[in-house]
Amino acid sequence: MIAPGPRATDHDTDVLVVGAGPVGLTLANILGLQGIRTVVVEERDTLIDYPRGVGLDDEALRTFQSIGLVERVLPHTVPNQILRFMDAKRRVLAEMAPPDARFGWPKRNGFVQPLVDAELLAGLDRFAHVQVRWGSPMTGCREDADGVNVELGADGGNVGDGGGDGHPAGLRARYVVGCDGGRSMTRRVMGVSFDGTTSSTRWLVVDIANDPLGHPNSEVGADPERPYASISIAHGIRRFEFMIHADESDEQAEDPEFLTRMLARMVPHPDRVDVIRRRVYTHHSRIAGEFRRGRLLLAGDAAHLMPVWQGQGYNSGIRDAANLGWKLAAVVSGRAGDKLLDTYDMERRKHARAMIDLSTMVGRVISPTNRRVAGARDLLVRSASIVPTLKRYVLEMRFKPMPRYEHGAVVHANPGRADSPVGTLFIQPRVDTRDQQDVLLDDVLGPWFAVLCWNNNPRKILGETAFANWKALGARFFALRPATQLRWTGHDDPDVVVVGDRRGDLKSWFDIHAESVLFLRPDRCIAGACIAQRAPDLSAALFDALTLTPRGGDPQSGTGSVLYVAQPAPESSGAVAGPA
């Protein structure tokens with residue numbers, strides 16, 4: 001590992017992340033891989049050791065792959081988990097079992113959050129320039145022209161000024177990212193609104209070890225008598241959720257006898273379960289008025305809250321980290337202008353709002369306690385399932401909003417064209433190179449920008465000037481070919497990696513798109529796409545739109561183009577054990 005060189009700066013760190021939850025830890029890993037000095041401050045003394053989120057999607061696993069930790073995360077997951085919606089008689093109303101893995105991973109995965117979070121924390125041990133400070137709540141901050149002075153409570157983890165004697169410590173950063181949850185102090189300091197609604201409906205949530213059911217899947221019971229959920233997590237843990245009626249108090253719901261009555265509907269011996277924890281929850285549908293104000297930004301629950309019904313709260317936060325991480329790295333390292341950070345809100349807000357709306361709508365469909373309303377819903381759902389296209393729409397989760405950026409760090413050559421791939425995630429099939437066989441595409445592309453050409457040499461298509469600019473930025477270049485042409489050396493270029501289309505997935509993608517040249521961002525979103533002859537013009541437009549600089553970084557103000565190679569994470573002294 002190459003350490004960052006000395007820099008002329010009065011900043012204690014480049015980025016200060018408030019909150020050591022999954023979003024903050026993922027963001028810190030992304031920044032760590034890019035060589036960005038990062039400090040994570042957390043008011044708790046350690047990670048939360050009980051499950052909260054219960055579902056990972058394919059995009060989250062792809063992000064964990066990008067930070068070199070997916071192999072450590074996978075042992076704590078249940079891949080290809082089926083979710084069934086049941087009526088009052090426990091007959092299947094609908095089923096979600098999406099079969100495709102276009103982004104390289106299953107779309108639905110159960111997981112044990114404390115153990116996955118512990119792997120994210122352990123991943124930071126790879127980076128000498130990333131630190132985590134426990135017992136260090138942010139109590140305030142003051143922004144000026146080139147940085148933010150942050151006040152930390154307690155001893156501030158002995159960072160910066162003060163500390164060690166009970167007095168507040170200070171820390172100066174170039175940017176601050178609040179990943180500090182729904183009650184975010186960062187959001188309050190920013191003076192940003194958090195508009196939306198809080199449901200009046202309460203739910204008893206209980207996690208149980210030694211799963212009394214034992215099957216690998218999950219179900220949601222749309223029972224008007226009492227809606228419920230039963231979710232297989234992993235490692236023998238099952239979550240049950242039961243709606244609490246208006247005439248039942250929180251104290252009643254937390255009584256062990258109440259839980260026994262609820263579980264009696266599900267298991268034969270409800271008094272013989274190993275409860276990890278039980279809590280009463282309400283669901284929130286809220287979004288911050290701004291995700292960025294000056295040098296302060298918000299991510300995860302600090303930026304948006306949504307009901308649990310699509311399992312997208314955790315995953316939406318990971319999307320935030322993936323979108324914001326590379327942009328912060330580019331700006332801090334001198335490879336892009338500060339305006340690039342404006343595209344974070346521009347891109348993430350619309351999709352987060354769509355996820356909130358979908359989750360809220362699903363909750364309303366599941367939760368009616370009026371039998372006539374529930375009966376009408378059941379009839380409608382069953383009628384829809386008779387139509388094959390509608391059944392596939394639900395089964396394959398086609399209703400899930402996918403990120404598609406119309407504005408932001410993208411260039412649309414033909415704005416408004418419905419079939420344009422620009423602003424969407426590129427697929428991740430398994431491919432071959434001359435050195436590796438049967439590997440996921442992202443593992444070949446690396447962690448930064450990538451220029452892909454089907455059936456052409458990127459240098460010849462871009463021209464020497466554009467090629468040199470992307471190379472100076474740290475981008476990599478790839479010639480995509482049918483597998484039959486992998487070993488042909490006629491157009492070899494020392495700066496271009498030849499990729500063989502192992503199963504024909506890449507050709508199938510290009511079969512339905514006119515574009516043959518793709519500019520991929522580090523988060524694997526397609527920043528621009530065009531036919532070969534337009535590549536030089538699109539390249540120039542992208543440098544302008546993303547405020548990129550071809551010099552590849554200023555060593556006085558950033559880390560340049562130094563990247564850290566992801567190594568296996570050693571055991572971390574900060575990691576916590578999950579429930580048995």
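Using the three backbone atoms N, Cα and C, a Cβ is placed for every residue, glycine included.
Features as listed in Swiss-Prot:
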type	residues	note
BINDING	14-43, 291-301	FAD binding site
Spatial neighbours of LEU297 (FAD binding site) that are distant in sequence (at least 6 apart) but have CB under 8 A: TYR175, VAL176, VAL177, GLY178, PHE291, LEU324, LEU341, TYR344
DSSP state at LEU297 (FAD binding site), helix/strand/coil: strand
Neighbour tally for ALA20 (FAD binding site), based on other Cβ positions within 10 Å of its Cβ: 28
Cβ neighbour count (within 10 Å, all chains shown) around ASP14 (FAD binding site): 28
Protein Cβ atoms within 10 Å of THR38 (FAD binding site), excluding its own: 30
Among THR26, GLY32, PHE291 [binding-site residues], residue with fewest other Cβ within 10 Å: GLY32
